[in-house]
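Visitor: Pasting in a structure now, in structure tokens, and then I'll have a few things to ask.
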Amino acid sequence: PNRFHLTITGFTVCGYPLSIFFIVVNEFCERFSYYGMRAVLVLYFRYFLRFDDDLATSIYHTFVALCYLTPILGAIVADSWLGKFKTIIYLSIVYAIGQVVMAVSAIHDITDTDRDGTPDNLTFVLSMVGLLLIALGTGGIKPCVAAFGGDQFQDHQAKQRSTFFSVFYLCINGGSLLSTIITPILRGQECGIHSQQKCYPLAFGVPAALMVVALVVFIIGSGMYHKTEPQGNIMLDVCKCIGFAIKNRFRHRSSSYPKRTHWMDWAEEKHEKLLIAQIKMVLKVLFLYIPLPMFWTLFDQKGSRWTLQATTMDGNFTVNPILILTLVPIMDSVVYPLIKKCGLNFTPLRRMTVGMFLAAMAFVAAALVQIQIDKTLPTFPSSSQSQLKLLNMGSIPLTVTLPNNDPFVIEAATVNHLEEVLLGIHITKPGYCHSWLTWMCFLNFYALSQLCVFISRFVNGMAGAVNVSTFGSIDYSSASNYSLISNGKATFTITNGANTCKYSREFGFGSSYTLLIPSHFVWGPTCSESISGVEDIQPNSFHMGWQIPQYFLITCGEVVFSVTGLEFSYSQAPSNMKAVLQAGWLFTVAIGNFIVLIVAEIAQIEEQWAEFVLFASLLVAVCVIFSIMAYFYTYMDPAEIEAQFRDKDGTEESDKEELQMQKKDFVDHHNDDDEAKQSKM
């Protein structure tokens, strides 16, 4: 074979092909790019594009689903047309362009032409185009990179190839770890020319740069790769073969015709037996994939529901990638060998079953956390109620009487709250001041029913307009819009053109404040003392550390499920369909994200903890089904099966010797499995 030529492709380091190191570095940079962008994507939707929680979640999962649908396209192109190497190159270019477009879409000085703080329609268009290109690029190369890495190993290096998939997954999560730490920090910076806002251009720009680095690194290693040539339009051949088998079986449905062992055997009249055997292997694995999307339904909610859950908590940390970097080597070097020594047959499919169960338990933990969070959140009025804020911006106390309520007094330069059923009163818009109450302003507080960040607003009770940094100009007897404020101490500059005042205040995570500049405000060194404020919503008090158990469980589940699944998909795939089967594995992720959208839409569960319990229950049920399917699954050696059919066509003796070597390596690698199940096909 070409891989044994005396070229640089034969060089090894520590028993591994030298080309593997370029692939690993490429994967690290690409995963940094992808997860770095994804780490702030929900926040970008929520606070830059001003989407609500449900819309932000829906678009997020739609994007993730597309990222795992396009691998099918990438696999077809790689196996049938361009080959894995060229497919990775071309789609990486598309990927990098998409990342650049996303970074440009977040530059508010370009996309907010009227300077009103709201992005123009161009922003939405650019962001959707960028996400579409990213989905096409990252999805298209997903099945190719893993399979291309597996192609670099010779047939007698099954154990090294198994280790490669673990290292491959470590690189994925190493890139994820750094990116999920760095990009939120970059987003937290203030940047802009005309106005200072959260720096989404930098948060998206750095991942774009890393994608360019990934492309360059992969190209540098070009001369060292073993590149398998595409073997024609394999997907078209597969579809034709399956279609003919179904049609032929239907034609011979009468009981007078003898039965055949497998329904695909009805294609023997027209197609080669080798192709039929390869399709049987693929269909057998794809059938096993049917229950798998439910795992990804739960897993990918880490980036949506769990992120939004964290915004109602106190604190900030990154845990999932750290746990993965720790658990992958622990599982490979400690847990699995220990289980083997205990005499337990912990086969790949049994590992995946355990992973699904651990993910279900993670959502039970998330539900328990959500119940505790709900106890700390403020109570908002129902659809038949209004929550009003009354501000006395004068210098004397005022008595207020509302319909069907007793009079009450609001002291000077203070804020009072009222939460009751107020039939007959309709607030047309925030900040509307009734003429019969000169110094009183009714503000609809119901709009704050979804608390995610620390927000604040100023109300001006002075005679004349003032300008407040971050909030802009505020007219007399008017209120500014709510603005996002960084956690901790913030300082604002208040000026009327002739005088300036500095005002500082501590802001808690998840809180909301209204700050009142009273009518008796006096400029001077102590001017800030006359500014009064009210804490509309208390800061979050339930710490994010309580999410660690659910992240630990979901990470353990990911390690034993996903790492095992990647290797399983490669080892059970025919030689000409490895990228296709990798795409089938990734397709389960796409279906899982669509299930999130469907279940969330149909269930219409108001309580978040109940939705978590629902997803956990569904996965437990699916886990039972998958365990039954796994029990009856027969492990295969694709190389042996393919060689059996080639032998019938006159395979040379040298090929037979190579087959014996492959068979020995396969049996050694799967010595945990039941030998009676080897190649039952």
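Backbone N, Cα and C atoms are what each Cβ position is placed from, and that goes for glycine too.
Because TrEMBL annotations are produced automatically, they should be read as predictions rather than curated entries.
From TrEMBL, here are the annotated features:
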- 646-681: region 'Disordered' (REGION)
- 6-25: transmembrane segment (TRANSMEM)
- 32-49: transmembrane segment (TRANSMEM)
- 55-76: transmembrane segment (TRANSMEM)
- 122-141: transmembrane segment (TRANSMEM)
- 162-182: transmembrane segment (TRANSMEM)
- 202-225: transmembrane segment (TRANSMEM)
- 281-299: transmembrane segment (TRANSMEM)
- 319-339: transmembrane segment (TRANSMEM)
- 351-373: transmembrane segment (TRANSMEM)
- 436-455: transmembrane segment (TRANSMEM)
- 582-600: transmembrane segment (TRANSMEM)
- 612-633: transmembrane segment (TRANSMEM)
Visitor: Six or more residues beyond either end and a Cβ under 8 Å away: which residues meet both conditions relative to the transmembrane segment (122-141)?
Guide: 30, 34, 37, 44, 48-49, 63, 66-71, 73-74, 77, 87-88, 91-102, 104-106, 111-112, 586
Visitor: By a Cβ-Cβ criterion of under 8 Å, what residues six or more beyond either terminus of the transmembrane segment (351-373) are in contact with it?
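Guide: Residues packing against the transmembrane segment (351-373) from afar: 292, 294-295, 298-299, 305-306, 309, 312-313, 542, 546-547, 549-554, 556-562, 564-565, 568, 608-610, 612-613, 615-617, 619-620, 622-623, 626-627, 630.
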Visitor: Which stretch from 32-49, 162-182, 281-299, 582-600, 612-633 shares the most C-beta pairs under 8 Å with the transmembrane segment (55-76)?
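Guide: Counting Cβ pairs under 8 Å, the winner is 582-600.
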Visitor: Out of 32-49, 582-600, 612-633, what stretch is closest in contact terms to the transmembrane segment (281-299), meaning most Cβ pairs under 8 angstroms?
Guide: 582-600
